[in-house]
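This report refers to the structure that appears directly beneath it.
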């Protein structure tokens, strides 16, 4: 069996099926009493790590999440999918709401060094903020090569071949390990955790640490000025002829 070790980042986000509501004070979105789940792109990253282990190319898969106590539920999901153990970097809820890609990348970089992993896998972006920055920043802090938007990953000895979709075709990268890879939707289809694996996950270890244990300051240099609901779409108007359409467009100043 290979001795490679993989760190997979998993983020707890508001479930994609939930209708987002803005807080009355417009400082963010309502999270209390709202269903949360693992970020879909993170699920893909976990699945890829587990598949590498099933092929006996990886020795250990470690799932990590940064946030409030409820993040342990997200880690348990990763453990049920096949990750070996979890690390919860506990952050108070109020502070967790202000976490950005820069702070999370600092945490991931420190953990990658501490755990001596060979590969950091994470989703290309999270569906709550769509930043698409954490993987790139993590690679920057570690000074590791990176393969973003991966649609196929192949381990070749001490190198990783990454295919990524770009405008007009495919780009193939060959990265020397250790490396950072971010997962695209086309990389794989995540499995559903079976009941036996869900039960086994309850017995797997989750280590709880603080950002300070890693020497990381989570103070953000960004502040949210205001969060607004998207403007309501105005009702459409049915027109019978091309002439009516042109007249209507002139009326509203579009032509």
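The backbone N, Cα and C atoms fix where each Cβ goes, and this holds for glycine too.
Annotated AMP binding site per Swiss-Prot: 9, 39-42, 66, 123-134, in sequence order, evidence recorded as experimental evidence. Long-range C-beta contacts of residue 132 (AMP binding site), restricted to its own chain and to partners at least six residues apart, with a cutoff below 8 Å, comprise 124, 125, 182.
The N-acetylalanine feature in Swiss-Prot is assigned to 2.
Cβ neighbour count for residue 200 (N6,N6,N6-trimethyllysine): 14 (other Cβ atoms within 10 Å of its Cβ, all protein chains included). What Swiss-Prot records for 200 (among others) is N6,N6,N6-trimethyllysine.
The DSSP secondary structure for residue 200 (N6,N6,N6-trimethyllysine) is helix. Feature annotation from Swiss-Prot assigns N6-acetyllysine to 200 (among others); the stated evidence is similarity to another entry.
Residues or ranges marked as N6-methyllysine by Swiss-Prot: 200.
All chains included, 7 other C-beta atoms sit within 10 angstroms of the C-beta of residue 203 (N6,N6,N6-trimethyllysine). Annotation source Swiss-Prot lists N6,N6,N6-trimethyllysine at 203 (among others), citing experimental evidence.
A 10 Å cutoff on Cβ-Cβ distances gives residue 210 (N6-acetyllysine) a total of 11 other Cβ atoms nearby, all chains included. Positions annotated as N6-acetyllysine by Swiss-Prot, on the basis of similarity to another entry: 210 (among others).
Positions annotated as N6-succinyllysine by Swiss-Prot, on the basis of similarity to another entry: 210 (among others). Look at residue 210 (N6-acetyllysine): DSSP puts it in coil.
Long-range neighbours of residue 223 (phosphoserine) (same chain, six or more residues apart, CB within less than 8 Å of its CB): none. Secondary structure at residue 223 (phosphoserine), taken from DSSP and collapsed to helix, strand or coil, is coil. Per Swiss-Prot, the feature phosphoserine maps to 223 (among others); the stated evidence is a large-scale study or a structure entry.
According to Swiss-Prot, the phosphoserine annotation covers 226 (among others), on the basis of a large-scale study or a structure entry. Taking a C-beta cut-off of under 8 Å and a sequence gap of six or more, residue 226 (phosphoserine) has these contacts in its own chain: 26, 27.
The secondary structure of residue 238 (N6-acetyllysine), as reduced to three states from DSSP, is coil rather than helix or strand. The N6-acetyllysine annotation in Swiss-Prot covers 238 (among others) and is backed by similarity to another entry.
According to DSSP, residue 248 (N6-acetyllysine) is assigned to a helical segment. Applying an 8 A CB threshold to same-chain residues 6+ apart, the list for residue 248 (N6-acetyllysine) reads 237, 239. What Swiss-Prot lists as N6-acetyllysine is 248 (among others), and the listing cites similarity to another entry.
Positions annotated as N6-succinyllysine by Swiss-Prot: 248 (among others).
Within the same chain, residues 40-41, 43-48, 50-51, 76-77, 79-86, 121-124, 149-153, 164-165 sit at least 6 positions outside the region 'Recognition loop' (183-205) and bring their C-beta atoms closer than 8 Å to a C-beta of that stretch. The region 'Recognition loop' annotation in Swiss-Prot covers 183-205 and rests on experimental evidence.
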Checklist outcome for this item: For residue 9 (AMP binding site), the number of neighbouring Cβ atoms whose distance to its own Cβ is within 10 Å equals 31
Checklist outcome for this item: Rounding to whole Å, the Cα atoms of residue 126 (AMP binding site) and residue 210 (N6-acetyllysine) are apart by 22
Checklist entry - Out of 9, 129, 210, which of these recorded positions is nearest residue 200 (N6,N6,N6-trimethyllysine) by C-alpha distance? => result 9
Checklist outcome for this item: residue 238 (N6-acetyllysine) sits from residue 123 (AMP binding site) (Cα to Cα, rounded, in Å) at a distance of 43
